[in-house]
Amino acid sequence: MSNSALQITDLYKRYPNGVEALKGLNLTVEQGDFYALLGPNGAGKSTSIGIISSLVTKTSGKVTIFGYDLDTQLVHAKRQIGLVPQEFNFNPFETVLQIVVNQAGYYGITRREATHRAEKYLRRLDLWEKRDSRARMLSGGMKRRLMIARALIHEPKLLILDEPTAGVDIELRRSMWDFLRDLNQQGITIILTTHYLEEAEMLCRHIGIINHGELIENTSMRNLLAKMQSETFIFDFIPTDEKPQLTGYNATLVDVGVLEVDVKRNQGLNQLFELFAQQGIKILSMRNKANRLEELFVHLVTDNQGATNE
Amino acid sequence: MNNLYWVALCSIWRKEVTRFLRIWVQTLVPPVITMSLYFIIFGSMMGNRIGQMNGVSYMQFIVPGLIMMSVITNAYSNVCSSFFSAKFQHNIEELLVAPVPTHIIILGYVGGGIARGILIGCIVTIVSLFFVSFTVHSWWVILCTLLMTATLFSLAGLLNALFAKTFDDISLIPTFVLTPLTYLGGVFYSLSLLPPVWQLVSTFNPIVYMISGFRYGFLGIYDVSLWMTYLILAIFITLFYAFAWYLIEKGKGLRN
(Lines of atoms letter the chains of each structure in order from A; the text may use other names.)
(Lines give C-alpha, C1' and ligand atoms only; values in the text may rest on other atoms or scores of the structure.)
Protein backbone atom coordinates (compact mmCIF):
# COMPACT_ATOMS: atom_id res chain seq x y z
CA MET A 1 0.00 0.00 0.00
CA SER A 2 1.29 3.43 -0.97
CA ASN A 3 2.29 5.95 1.71
CA SER A 4 0.65 8.69 -0.29
CA ALA A 5 -2.87 9.75 0.50
CA LEU A 6 -3.17 11.15 -2.99
CA GLN A 7 -1.00 10.69 -6.04
CA ILE A 8 -1.78 12.45 -9.30
CA THR A 9 0.33 11.64 -12.33
CA ASP A 10 0.23 13.44 -15.69
CA LEU A 11 -3.33 14.56 -15.27
CA TYR A 12 -4.86 16.25 -18.27
CA LYS A 13 -8.32 17.70 -18.64
CA ARG A 14 -9.59 19.24 -21.83
CA TYR A 15 -13.23 20.43 -21.81
CA PRO A 16 -15.41 20.02 -24.92
CA ASN A 17 -15.10 23.77 -25.61
CA GLY A 18 -11.35 23.29 -26.03
CA VAL A 19 -10.29 24.78 -22.69
CA GLU A 20 -7.35 22.88 -21.24
CA ALA A 21 -7.94 23.06 -17.50
CA LEU A 22 -5.12 20.71 -16.52
CA LYS A 23 -1.89 20.25 -18.46
CA GLY A 24 -0.09 17.28 -17.02
CA LEU A 25 -0.60 17.91 -13.32
CA ASN A 26 1.65 15.91 -10.98
CA LEU A 27 0.93 16.07 -7.28
CA THR A 28 1.54 13.94 -4.22
CA VAL A 29 -0.02 14.46 -0.81
CA GLU A 30 1.36 12.34 1.99
CA GLN A 31 -0.78 10.56 4.56
CA GLY A 32 -1.64 12.72 7.55
CA ASP A 33 -0.71 15.94 5.80
CA PHE A 34 -2.65 19.19 5.91
CA TYR A 35 -2.21 20.40 2.34
CA ALA A 36 -3.19 23.73 0.83
CA LEU A 37 -3.99 23.77 -2.86
CA LEU A 38 -3.91 27.36 -3.98
CA GLY A 39 -4.21 29.15 -7.26
CA PRO A 40 -6.02 32.03 -8.91
CA ASN A 41 -9.56 31.60 -10.23
CA GLY A 42 -9.63 29.27 -13.23
CA ALA A 43 -6.22 27.79 -12.41
CA GLY A 44 -7.53 24.22 -12.29
CA LYS A 45 -8.10 23.65 -8.55
CA SER A 46 -11.78 22.79 -8.76
CA THR A 47 -11.21 20.64 -11.85
CA SER A 48 -8.54 18.69 -9.96
CA ILE A 49 -10.85 18.21 -6.99
CA GLY A 50 -13.69 17.28 -9.34
CA ILE A 51 -11.57 14.54 -10.94
CA ILE A 52 -10.39 13.20 -7.57
CA SER A 53 -13.97 12.99 -6.34
CA SER A 54 -15.36 11.53 -9.61
CA LEU A 55 -17.47 14.56 -10.48
CA VAL A 56 -15.33 15.46 -13.47
CA THR A 57 -14.09 12.99 -16.09
CA LYS A 58 -10.38 13.24 -16.77
CA THR A 59 -8.97 13.30 -20.30
CA SER A 60 -5.90 11.27 -19.33
CA GLY A 61 -3.58 10.61 -16.44
CA LYS A 62 -3.65 8.58 -13.27
CA VAL A 63 -5.07 9.27 -9.83
CA THR A 64 -4.59 7.00 -6.84
CA ILE A 65 -6.10 7.52 -3.39
CA PHE A 66 -4.37 5.61 -0.60
CA GLY A 67 -3.03 3.34 -3.34
CA TYR A 68 -6.41 2.68 -4.93
CA ASP A 69 -6.52 3.52 -8.61
CA LEU A 70 -9.49 5.68 -9.55
CA ASP A 71 -9.84 3.79 -12.86
CA THR A 72 -9.64 0.23 -11.63
CA GLN A 73 -10.55 0.37 -7.91
CA LEU A 74 -13.14 3.12 -7.94
CA VAL A 75 -15.31 1.79 -5.10
CA HIS A 76 -12.33 1.47 -2.72
CA ALA A 77 -10.96 4.85 -3.80
CA LYS A 78 -14.29 6.60 -3.24
CA ARG A 79 -14.63 5.18 0.27
CA GLN A 80 -11.43 6.98 1.30
CA ILE A 81 -12.66 10.44 0.32
CA GLY A 82 -14.94 12.96 1.97
CA LEU A 83 -15.75 16.01 -0.11
CA VAL A 84 -16.91 19.43 1.06
CA PRO A 85 -17.66 21.28 -2.18
CA GLN A 86 -17.58 25.01 -2.71
CA GLU A 87 -21.30 25.34 -3.50
CA PHE A 88 -24.13 24.05 -1.30
CA ASN A 89 -25.18 20.82 -2.95
CA PHE A 90 -27.71 19.22 -0.63
CA ASN A 91 -31.44 18.97 -1.04
CA PRO A 92 -32.72 22.11 0.71
CA PHE A 93 -36.06 20.45 1.48
CA GLU A 94 -34.57 17.59 3.47
CA THR A 95 -33.81 17.89 7.17
CA VAL A 96 -30.26 18.09 8.49
CA LEU A 97 -30.50 14.58 9.92
CA GLN A 98 -31.97 13.10 6.72
CA ILE A 99 -29.14 14.57 4.62
CA VAL A 100 -26.41 13.15 6.83
CA VAL A 101 -28.04 9.75 7.43
CA ASN A 102 -28.88 9.25 3.74
CA GLN A 103 -25.31 10.05 2.80
CA ALA A 104 -24.10 7.40 5.24
CA GLY A 105 -26.43 4.93 3.55
CA TYR A 106 -24.72 5.52 0.21
CA TYR A 107 -21.54 4.23 1.83
CA GLY A 108 -23.25 1.10 3.10
CA ILE A 109 -23.57 2.30 6.71
CA THR A 110 -26.68 0.90 8.34
CA ARG A 111 -29.34 3.30 9.54
CA ARG A 112 -28.73 2.54 13.20
CA GLU A 113 -24.99 3.20 12.91
CA ALA A 114 -25.59 6.22 10.67
CA THR A 115 -27.92 7.81 13.23
CA HIS A 116 -25.33 7.23 15.96
CA ARG A 117 -22.56 8.81 13.88
CA ALA A 118 -24.83 11.66 12.77
CA GLU A 119 -25.40 12.60 16.40
CA LYS A 120 -21.65 12.52 17.04
CA TYR A 121 -20.74 14.82 14.12
CA LEU A 122 -23.77 17.10 14.34
CA ARG A 123 -23.03 17.68 18.02
CA ARG A 124 -19.38 18.41 17.28
CA LEU A 125 -20.42 20.91 14.65
CA ASP A 126 -23.15 22.50 16.81
CA LEU A 127 -25.93 21.33 14.53
CA TRP A 128 -27.64 18.71 16.68
CA GLU A 129 -30.31 21.15 17.85
CA LYS A 130 -31.09 21.81 14.19
CA ARG A 131 -31.33 18.16 13.20
CA ASP A 132 -35.02 18.35 12.32
CA SER A 133 -34.78 21.69 10.51
CA ARG A 134 -34.98 21.80 6.74
CA ALA A 135 -31.57 22.58 5.28
CA ARG A 136 -32.85 25.67 3.49
CA MET A 137 -33.72 27.24 6.86
CA LEU A 138 -30.10 27.15 8.05
CA SER A 139 -27.74 30.12 8.03
CA GLY A 140 -24.78 30.15 5.63
CA GLY A 141 -22.36 29.04 8.33
CA MET A 142 -24.63 26.20 9.41
CA LYS A 143 -24.95 25.03 5.81
CA ARG A 144 -21.16 24.89 5.55
CA ARG A 145 -20.95 22.87 8.77
CA LEU A 146 -23.68 20.56 7.50
CA MET A 147 -21.59 19.81 4.43
CA ILE A 148 -18.62 19.02 6.66
CA ALA A 149 -20.74 16.67 8.81
CA ARG A 150 -22.03 14.98 5.66
CA ALA A 151 -18.49 14.54 4.31
CA LEU A 152 -17.31 12.99 7.59
CA ILE A 153 -20.20 10.60 8.18
CA HIS A 154 -18.46 7.65 6.49
CA GLU A 155 -15.23 8.53 8.33
CA PRO A 156 -12.98 9.10 5.32
CA LYS A 157 -9.20 9.06 5.48
CA LEU A 158 -8.90 11.96 3.07
CA LEU A 159 -11.02 15.08 3.51
CA ILE A 160 -11.12 17.56 0.64
CA LEU A 161 -12.46 21.01 1.40
CA ASP A 162 -13.06 23.40 -1.46
CA GLU A 163 -13.13 26.88 0.09
CA PRO A 164 -14.91 25.75 3.25
CA THR A 165 -14.84 29.13 4.98
CA ALA A 166 -15.99 31.29 2.07
CA GLY A 167 -18.57 33.75 3.36
CA VAL A 168 -18.20 32.56 6.96
CA ASP A 169 -17.79 35.11 9.76
CA ILE A 170 -14.49 35.36 11.62
CA GLU A 171 -15.65 33.69 14.83
CA LEU A 172 -17.06 30.70 13.00
CA ARG A 173 -14.05 30.51 10.72
CA ARG A 174 -11.76 30.23 13.70
CA SER A 175 -13.87 27.52 15.29
CA MET A 176 -13.81 25.63 11.97
CA TRP A 177 -10.02 25.94 11.92
CA ASP A 178 -9.86 24.36 15.38
CA PHE A 179 -12.17 21.58 14.23
CA LEU A 180 -10.08 20.89 11.13
CA ARG A 181 -6.84 20.91 13.12
CA ASP A 182 -8.42 18.42 15.49
CA LEU A 183 -9.44 16.15 12.61
CA ASN A 184 -5.94 16.32 11.17
CA GLN A 185 -4.44 15.43 14.54
CA GLN A 186 -6.66 12.36 14.56
CA GLY A 187 -4.90 11.25 11.37
CA ILE A 188 -7.23 12.47 8.64
CA THR A 189 -5.37 13.84 5.65
CA ILE A 190 -6.83 17.18 4.63
CA ILE A 191 -6.60 19.01 1.33
CA LEU A 192 -7.84 22.56 1.47
CA THR A 193 -8.38 25.12 -1.24
CA THR A 194 -8.94 28.65 -0.08
CA HIS A 195 -8.62 32.25 -1.12
CA TYR A 196 -7.83 33.24 2.46
CA LEU A 197 -4.08 32.77 2.42
CA GLU A 198 -3.90 33.49 6.12
CA GLU A 199 -6.03 30.36 6.53
CA ALA A 200 -3.60 28.26 4.50
CA GLU A 201 -0.64 29.63 6.45
CA MET A 202 -2.31 28.98 9.80
CA LEU A 203 -3.46 25.43 9.04
CA CYS A 204 -1.37 23.75 6.38
CA ARG A 205 2.01 22.09 6.49
CA HIS A 206 2.47 21.73 2.74
CA ILE A 207 1.34 23.87 -0.10
CA GLY A 208 0.82 23.47 -3.83
CA ILE A 209 0.16 26.36 -6.16
CA ILE A 210 -1.61 25.68 -9.45
CA ASN A 211 -1.63 28.12 -12.29
CA HIS A 212 -2.83 27.50 -15.84
CA GLY A 213 -3.39 23.83 -15.09
CA GLU A 214 0.15 23.19 -13.86
CA LEU A 215 1.70 22.90 -10.45
CA ILE A 216 4.13 25.80 -10.17
CA GLU A 217 5.05 25.26 -6.53
CA ASN A 218 4.86 22.23 -4.26
CA THR A 219 6.74 22.46 -1.00
CA SER A 220 6.40 22.80 2.75
CA MET A 221 4.95 26.00 4.11
CA ARG A 222 8.26 26.66 5.90
CA ASN A 223 10.32 26.34 2.69
CA LEU A 224 7.91 28.49 0.78
CA LEU A 225 7.98 31.30 3.31
CA ALA A 226 11.78 31.06 3.37
CA LYS A 227 11.74 32.05 -0.28
CA MET A 228 10.45 35.48 0.57
CA GLN A 229 12.99 38.12 -0.42
CA SER A 230 11.39 40.95 1.49
CA GLU A 231 8.40 41.89 3.59
CA THR A 232 6.57 45.18 3.80
CA PHE A 233 5.75 46.56 7.24
CA ILE A 234 3.64 49.50 8.23
CA PHE A 235 4.74 51.52 11.26
CA ASP A 236 2.53 53.95 13.16
CA PHE A 237 4.62 56.57 14.98
CA ILE A 238 4.22 59.84 16.81
CA PRO A 239 4.63 62.42 14.02
CA THR A 240 7.86 64.45 14.08
CA ASP A 241 8.88 67.65 12.33
CA GLU A 242 11.29 65.84 10.06
CA LYS A 243 10.68 62.84 7.83
CA PRO A 244 12.41 59.71 9.22
CA GLN A 245 15.67 58.95 7.42
CA LEU A 246 16.04 55.18 7.01
CA THR A 247 19.21 54.71 4.98
CA GLY A 248 19.36 51.34 3.23
CA TYR A 249 15.60 50.81 3.43
CA ASN A 250 12.91 51.57 0.86
CA ALA A 251 10.58 53.67 3.02
CA THR A 252 7.51 55.71 2.08
CA LEU A 253 5.56 58.11 4.29
CA VAL A 254 2.01 57.12 3.35
CA ASP A 255 0.22 59.39 5.84
CA VAL A 256 0.97 61.60 8.79
CA GLY A 257 2.60 59.29 11.30
CA VAL A 258 2.35 56.25 9.03
CA LEU A 259 5.43 54.80 7.39
CA GLU A 260 5.66 51.89 4.96
CA VAL A 261 9.02 50.11 4.89
CA ASP A 262 10.28 47.23 2.71
CA VAL A 263 12.56 45.04 4.83
CA LYS A 264 14.85 42.66 2.96
CA ARG A 265 15.40 39.22 4.39
CA ASN A 266 19.06 39.89 5.25
CA GLN A 267 18.35 43.25 6.88
CA GLY A 268 16.27 42.25 9.88
CA LEU A 269 14.23 44.52 12.11
CA ASN A 270 16.75 45.26 14.86
CA GLN A 271 18.76 47.60 12.66
CA LEU A 272 15.58 49.37 11.63
CA PHE A 273 14.51 49.92 15.23
CA GLU A 274 17.98 51.27 16.01
CA LEU A 275 17.56 53.86 13.25
CA PHE A 276 14.17 54.84 14.67
CA ALA A 277 15.72 55.16 18.15
CA GLN A 278 18.64 57.25 16.91
CA GLN A 279 16.20 59.76 15.38
CA GLY A 280 13.99 59.79 18.50
CA ILE A 281 11.05 58.34 16.65
CA LYS A 282 8.54 56.68 18.97
CA ILE A 283 6.86 53.66 17.32
CA LEU A 284 3.27 53.08 18.41
CA SER A 285 2.57 49.90 16.48
CA MET A 286 3.68 47.85 13.50
CA ARG A 287 1.98 45.35 11.20
CA ASN A 288 2.48 43.48 7.93
CA LYS A 289 1.15 45.36 4.92
CA ALA A 290 -0.37 42.09 3.62
CA ASN A 291 -0.31 38.49 4.70
CA ARG A 292 3.21 37.32 3.85
CA LEU A 293 1.96 34.24 2.03
CA GLU A 294 -0.31 36.48 0.03
CA GLU A 295 2.67 38.55 -1.12
CA LEU A 296 4.55 35.43 -2.10
CA PHE A 297 1.54 33.96 -3.85
CA VAL A 298 1.04 37.07 -5.96
CA HIS A 299 4.76 37.10 -6.74
CA LEU A 300 4.82 33.45 -7.84
CA VAL A 301 1.66 33.63 -9.90
CA THR A 302 2.74 36.87 -11.57
CA ASP A 303 6.13 35.37 -12.40
CA ASN A 304 4.45 32.29 -13.86
CA GLN A 305 2.06 34.49 -15.83
CA GLY A 306 5.04 36.36 -17.31
CA ALA A 307 6.83 33.10 -18.18
CA THR A 308 3.69 31.73 -19.85
CA ASN A 309 3.21 34.88 -21.92
CA GLU A 310 6.83 34.78 -23.08
CA MET B 1 -19.79 -5.39 -0.74
CA ASN B 2 -23.29 -6.76 -1.38
CA ASN B 3 -24.37 -5.36 1.96
CA LEU B 4 -23.01 -1.93 0.95
CA TYR B 5 -25.08 -2.03 -2.24
CA TRP B 6 -28.19 -3.22 -0.44
CA VAL B 7 -27.96 -0.47 2.20
CA ALA B 8 -27.29 2.11 -0.55
CA LEU B 9 -30.31 0.89 -2.53
CA CYS B 10 -32.56 1.06 0.53
CA SER B 11 -31.27 4.56 1.30
CA ILE B 12 -32.07 5.89 -2.18
CA TRP B 13 -35.45 4.18 -2.20
CA ARG B 14 -36.36 5.47 1.26
CA LYS B 15 -35.28 8.97 0.30
CA GLU B 16 -37.49 8.82 -2.80
CA VAL B 17 -40.53 7.51 -0.96
CA THR B 18 -40.07 10.06 1.82
CA ARG B 19 -39.90 12.79 -0.83
CA PHE B 20 -43.22 12.01 -2.48
CA LEU B 21 -44.95 11.35 0.85
CA ARG B 22 -43.65 14.66 2.23
CA ILE B 23 -45.27 16.55 -0.64
CA TRP B 24 -48.41 14.37 -0.70
CA VAL B 25 -50.64 17.33 -1.57
CA GLN B 26 -48.74 17.65 -4.85
CA THR B 27 -48.14 13.97 -5.51
CA LEU B 28 -51.04 11.93 -4.14
CA VAL B 29 -54.10 14.19 -4.11
CA PRO B 30 -54.20 15.52 -7.71
CA PRO B 31 -54.38 12.11 -9.45
CA VAL B 32 -57.16 11.05 -7.09
CA ILE B 33 -59.20 14.16 -7.89
CA THR B 34 -58.55 13.83 -11.64
CA MET B 35 -59.52 10.15 -11.70
CA SER B 36 -62.61 10.80 -9.59
CA LEU B 37 -63.72 13.34 -12.20
CA TYR B 38 -63.14 10.78 -14.96
CA PHE B 39 -65.21 8.24 -13.04
CA ILE B 40 -68.04 10.74 -12.51
CA ILE B 41 -68.10 12.26 -15.99
CA PHE B 42 -67.11 9.39 -18.29
CA GLY B 43 -68.23 6.51 -16.11
CA SER B 44 -71.41 7.56 -14.36
CA MET B 45 -72.79 10.41 -16.47
CA MET B 46 -71.78 9.42 -20.02
CA GLY B 47 -71.21 5.74 -19.39
CA ASN B 48 -74.90 5.05 -18.77
CA ARG B 49 -75.71 6.38 -22.24
CA ILE B 50 -72.84 4.50 -23.94
CA GLY B 51 -74.00 1.15 -22.61
CA GLN B 52 -71.78 -1.92 -22.77
CA MET B 53 -68.26 -2.24 -24.17
CA ASN B 54 -66.88 -5.73 -24.97
CA GLY B 55 -69.58 -7.28 -22.84
CA VAL B 56 -69.08 -5.19 -19.67
CA SER B 57 -70.48 -1.84 -18.49
CA TYR B 58 -68.60 1.20 -19.78
CA MET B 59 -67.65 2.12 -16.21
CA GLN B 60 -66.15 -1.33 -15.65
CA PHE B 61 -64.38 -1.06 -18.99
CA ILE B 62 -62.62 2.26 -18.29
CA VAL B 63 -61.60 1.62 -14.66
CA PRO B 64 -58.50 -0.55 -15.46
CA GLY B 65 -57.40 1.94 -18.13
CA LEU B 66 -57.75 4.89 -15.77
CA ILE B 67 -55.83 3.10 -13.03
CA MET B 68 -53.09 2.29 -15.53
CA MET B 69 -53.08 5.89 -16.79
CA SER B 70 -52.48 7.20 -13.28
CA VAL B 71 -49.76 4.62 -12.67
CA ILE B 72 -47.99 5.58 -15.90
CA THR B 73 -48.08 9.34 -15.34
CA ASN B 74 -47.11 9.13 -11.67
CA ALA B 75 -44.27 6.64 -12.08
CA TYR B 76 -42.92 8.78 -14.91
CA SER B 77 -43.23 12.15 -13.23
CA ASN B 78 -41.87 10.92 -9.89
CA VAL B 79 -38.53 9.81 -11.28
CA CYS B 80 -38.34 12.60 -13.82
CA SER B 81 -38.92 15.45 -11.38
CA SER B 82 -36.93 13.93 -8.53
CA PHE B 83 -33.86 13.09 -10.60
CA PHE B 84 -33.94 16.38 -12.48
CA SER B 85 -34.27 18.33 -9.20
CA ALA B 86 -31.29 16.41 -7.85
CA LYS B 87 -29.36 17.38 -10.97
CA PHE B 88 -30.52 20.98 -10.82
CA GLN B 89 -29.70 21.41 -7.12
CA HIS B 90 -26.49 19.38 -7.57
CA ASN B 91 -27.42 17.02 -4.75
CA ILE B 92 -27.04 14.18 -7.24
CA GLU B 93 -23.34 14.72 -6.43
CA GLU B 94 -24.03 13.08 -3.06
CA LEU B 95 -24.50 9.85 -4.99
CA LEU B 96 -21.81 10.43 -7.58
CA VAL B 97 -19.03 10.86 -5.01
CA ALA B 98 -20.16 7.79 -3.07
CA PRO B 99 -19.27 4.20 -4.02
CA VAL B 100 -22.73 3.58 -5.44
CA PRO B 101 -22.75 1.70 -8.76
CA THR B 102 -24.93 2.98 -11.58
CA HIS B 103 -27.20 -0.08 -11.32
CA ILE B 104 -28.04 0.85 -7.73
CA ILE B 105 -28.74 4.47 -8.64
CA ILE B 106 -31.13 3.35 -11.38
CA LEU B 107 -32.82 0.73 -9.19
CA GLY B 108 -33.20 3.19 -6.31
CA TYR B 109 -34.85 5.90 -8.39
CA VAL B 110 -36.95 3.43 -10.38
CA GLY B 111 -37.99 1.80 -7.10
CA GLY B 112 -39.26 5.19 -5.94
CA GLY B 113 -41.23 5.63 -9.16
CA ILE B 114 -42.72 2.15 -8.83
CA ALA B 115 -43.70 2.84 -5.21
CA ARG B 116 -45.53 6.01 -6.13
CA GLY B 117 -47.12 4.44 -9.22
CA ILE B 118 -48.43 1.46 -7.27
CA LEU B 119 -49.58 3.56 -4.32
CA ILE B 120 -51.53 5.85 -6.66
CA GLY B 121 -52.88 2.77 -8.47
CA CYS B 122 -54.16 1.39 -5.16
CA ILE B 123 -55.74 4.72 -4.13
CA VAL B 124 -57.45 5.12 -7.53
CA THR B 125 -58.69 1.53 -7.29
CA ILE B 126 -60.21 2.27 -3.87
CA VAL B 127 -61.85 5.42 -5.28
CA SER B 128 -63.26 3.39 -8.19
CA LEU B 129 -65.05 1.13 -5.68
CA PHE B 130 -67.41 4.03 -5.00
CA PHE B 131 -68.54 3.79 -8.61
CA VAL B 132 -68.28 0.16 -9.65
CA SER B 133 -67.90 -3.26 -8.06
CA PHE B 134 -64.46 -4.86 -7.98
CA THR B 135 -63.85 -7.89 -10.17
CA VAL B 136 -60.55 -9.68 -10.64
CA HIS B 137 -59.90 -12.19 -13.41
CA SER B 138 -56.22 -12.80 -12.55
CA TRP B 139 -54.22 -11.27 -9.70
CA TRP B 140 -50.98 -12.41 -11.32
CA VAL B 141 -51.68 -10.59 -14.55
CA ILE B 142 -52.69 -7.44 -12.66
CA LEU B 143 -49.55 -7.48 -10.52
CA CYS B 144 -47.14 -8.34 -13.35
CA THR B 145 -48.57 -5.74 -15.71
CA LEU B 146 -48.70 -3.10 -13.00
CA LEU B 147 -45.13 -3.73 -11.87
CA MET B 148 -43.66 -3.91 -15.37
CA THR B 149 -45.51 -0.81 -16.56
CA ALA B 150 -44.47 1.21 -13.50
CA THR B 151 -40.88 0.04 -14.08
CA LEU B 152 -40.94 0.98 -17.74
CA PHE B 153 -42.29 4.47 -17.17
CA SER B 154 -40.01 5.09 -14.23
CA LEU B 155 -37.11 4.31 -16.57
CA ALA B 156 -38.62 6.59 -19.22
CA GLY B 157 -38.85 9.38 -16.61
CA LEU B 158 -35.22 8.80 -15.68
CA LEU B 159 -34.15 9.09 -19.32
CA ASN B 160 -36.13 12.32 -19.67
CA ALA B 161 -34.43 13.72 -16.56
CA LEU B 162 -30.99 12.74 -17.83
CA PHE B 163 -31.49 14.64 -21.07
CA ALA B 164 -33.37 17.60 -19.52
CA LYS B 165 -31.50 20.86 -19.11
CA THR B 166 -34.39 23.05 -17.94
CA PHE B 167 -37.68 22.53 -16.12
CA ASP B 168 -39.43 23.01 -19.48
CA ASP B 169 -37.67 19.91 -20.78
CA ILE B 170 -39.25 17.70 -18.14
CA SER B 171 -42.77 18.73 -19.13
CA LEU B 172 -42.34 18.41 -22.91
CA ILE B 173 -42.39 14.60 -23.15
CA PRO B 174 -45.38 14.12 -20.78
CA THR B 175 -47.36 16.80 -22.61
CA PHE B 176 -46.56 15.99 -26.21
CA VAL B 177 -45.83 12.26 -26.11
CA LEU B 178 -47.09 10.54 -22.99
CA THR B 179 -50.55 12.11 -22.72
CA PRO B 180 -51.52 11.58 -26.39
CA LEU B 181 -50.24 7.99 -26.36
CA THR B 182 -52.15 7.26 -23.15
CA TYR B 183 -55.43 8.77 -24.34
CA LEU B 184 -55.06 6.94 -27.67
CA GLY B 185 -54.00 3.74 -25.91
CA GLY B 186 -57.49 2.32 -25.43
CA VAL B 187 -58.34 3.75 -22.02
CA PHE B 188 -61.76 4.94 -23.15
CA TYR B 189 -62.50 2.62 -26.08
CA SER B 190 -61.90 -0.85 -27.41
CA LEU B 191 -59.57 -1.09 -30.41
CA SER B 192 -62.19 -3.21 -32.12
CA LEU B 193 -64.31 -0.05 -32.53
CA LEU B 194 -61.63 1.57 -34.69
CA PRO B 195 -61.41 1.25 -38.49
CA PRO B 196 -58.83 -1.40 -39.55
CA VAL B 197 -56.23 1.22 -40.51
CA TRP B 198 -56.37 2.88 -37.09
CA GLN B 199 -56.33 -0.51 -35.40
CA LEU B 200 -53.06 -1.17 -37.22
CA VAL B 201 -51.69 2.26 -36.27
CA SER B 202 -52.64 1.64 -32.64
CA THR B 203 -50.50 -1.49 -32.50
CA PHE B 204 -47.46 0.81 -32.69
CA ASN B 205 -48.55 2.48 -29.46
CA PRO B 206 -46.89 0.55 -26.63
CA ILE B 207 -49.42 1.82 -24.08
CA VAL B 208 -52.15 -0.13 -25.90
CA TYR B 209 -50.47 -3.36 -24.79
CA MET B 210 -50.20 -2.31 -21.16
CA ILE B 211 -53.79 -1.17 -20.83
CA SER B 212 -55.01 -4.26 -22.65
CA GLY B 213 -53.00 -6.57 -20.37
CA PHE B 214 -54.13 -4.74 -17.23
CA ARG B 215 -57.75 -4.85 -18.34
CA TYR B 216 -57.40 -8.57 -18.96
CA GLY B 217 -56.30 -8.99 -15.34
CA PHE B 218 -59.49 -7.35 -14.11
CA LEU B 219 -62.11 -8.32 -16.68
CA GLY B 220 -60.66 -11.17 -18.72
CA ILE B 221 -61.06 -9.22 -21.99
CA TYR B 222 -58.25 -7.90 -24.17
CA ASP B 223 -57.49 -6.12 -27.43
CA VAL B 224 -54.04 -7.67 -27.96
CA SER B 225 -52.53 -10.92 -26.79
CA LEU B 226 -51.23 -11.07 -23.21
CA TRP B 227 -47.88 -12.50 -24.27
CA MET B 228 -47.46 -9.64 -26.68
CA THR B 229 -48.02 -7.29 -23.75
CA TYR B 230 -45.26 -8.92 -21.72
CA LEU B 231 -42.92 -9.13 -24.69
CA ILE B 232 -43.31 -5.43 -25.51
CA LEU B 233 -42.88 -4.47 -21.85
CA ALA B 234 -39.78 -6.66 -21.46
CA ILE B 235 -38.18 -5.29 -24.63
CA PHE B 236 -38.75 -1.66 -23.69
CA ILE B 237 -37.64 -2.17 -20.10
CA THR B 238 -34.41 -3.80 -21.28
CA LEU B 239 -33.72 -1.08 -23.85
CA PHE B 240 -34.52 1.82 -21.51
CA TYR B 241 -32.54 0.31 -18.65
CA ALA B 242 -29.49 -0.26 -20.86
CA PHE B 243 -29.74 3.27 -22.26
CA ALA B 244 -30.12 4.85 -18.81
CA TRP B 245 -27.15 2.83 -17.53
CA TYR B 246 -25.02 3.93 -20.51
CA LEU B 247 -25.92 7.61 -20.04
CA ILE B 248 -25.18 7.64 -16.30
CA GLU B 249 -21.92 5.75 -16.79
CA LYS B 250 -20.91 8.32 -19.41
CA GLY B 251 -21.99 11.08 -17.02
CA LYS B 252 -24.51 12.57 -19.45
CA GLY B 253 -25.69 15.80 -17.82
CA LEU B 254 -24.08 14.71 -14.55
CA ARG B 255 -20.32 14.97 -14.92
CA ASN B 256 -18.19 17.50 -16.77
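Placed from the backbone N, Cα and C atoms, the Cβ positions cover glycine too.
Here is what TrEMBL records for this protein:
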type	residues	note
TRANSMEM	B:21-41	transmembrane segment
DOMAIN	B:22-251	domain 'ABC transmembrane type-2'
TRANSMEM	B:61-84	transmembrane segment
TRANSMEM	B:104-132	transmembrane segment
TRANSMEM	B:138-163	transmembrane segment
TRANSMEM	B:170-191	transmembrane segment
TRANSMEM	B:197-218	transmembrane segment
TRANSMEM	B:230-248	transmembrane segment
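Remote same-chain residues near the transmembrane segment (B:138-163) are listed as 68, 71-73, 75-84, 87, 106, 109-110, 112-114, 117-118, 121, 169-170, 173, 178, 210, 213-214, 216-218, 220, 226, 229-230, 233-234, 236-237, 240-241, 243-244, 247-248, 252-254 (criterion: CB distance under 8 Å, separation of at least six residues from the stretch ends). Counting Cβ pairs closer than 8 Å and at least 6 residues apart in sequence, the transmembrane segment (B:21-41) and the transmembrane segment (B:104-132) reach three or more and so form a contact.
Counting same-chain residues at least six beyond the ends of the transmembrane segment (B:170-191), those with a Cβ under 8 angstroms from any Cβ of the stretch are 42, 53-54, 61-62, 65-66, 68-69, 72-73, 76-77, 80-81, 84, 156, 160-161, 164, 199, 202, 205-208, 210-212, 223-224.
Long-range contacts of the transmembrane segment (B:104-132) within the same chain: residues 5, 8-9, 11-13, 15-17, 19-20, 27-28, 31-32, 35-36, 39-40, 43-44, 57, 59-60, 63, 66-68, 70-72, 74-76, 78-79, 82-83, 95, 146-147, 149-151, 153-155, 157-158, 241, 244-245, 248, each at least 6 residues beyond the stretch ends and with a Cβ under 8 Å from a Cβ of the stretch. Here the transmembrane segment (B:61-84) has Cβ contacts under 8 Å with residues 16, 19-20, 27, 31, 34-35, 38-39, 42-43, 47, 53-54, 92, 109-110, 112-114, 116-118, 120-121, 124-125, 128, 131-132, 145-146, 149-151, 153-158, 160-162, 164, 167, 169-170, 173-174, 178-179, 182, 185-188, 190, 207, 210-211, 214-215, 217-219 of the same chain, all six or more residues outside its ends. Non-local neighbours of the transmembrane segment (B:197-218) in the same chain are 60-61, 63-65, 67-69, 72, 135-143, 145-146, 148-149, 152, 181-182, 184-187, 191, 224, 226, 228-230, 232-233, 236; each lies 6+ residues outside the stretch with a CB under 8 Å from one of its CB atoms.
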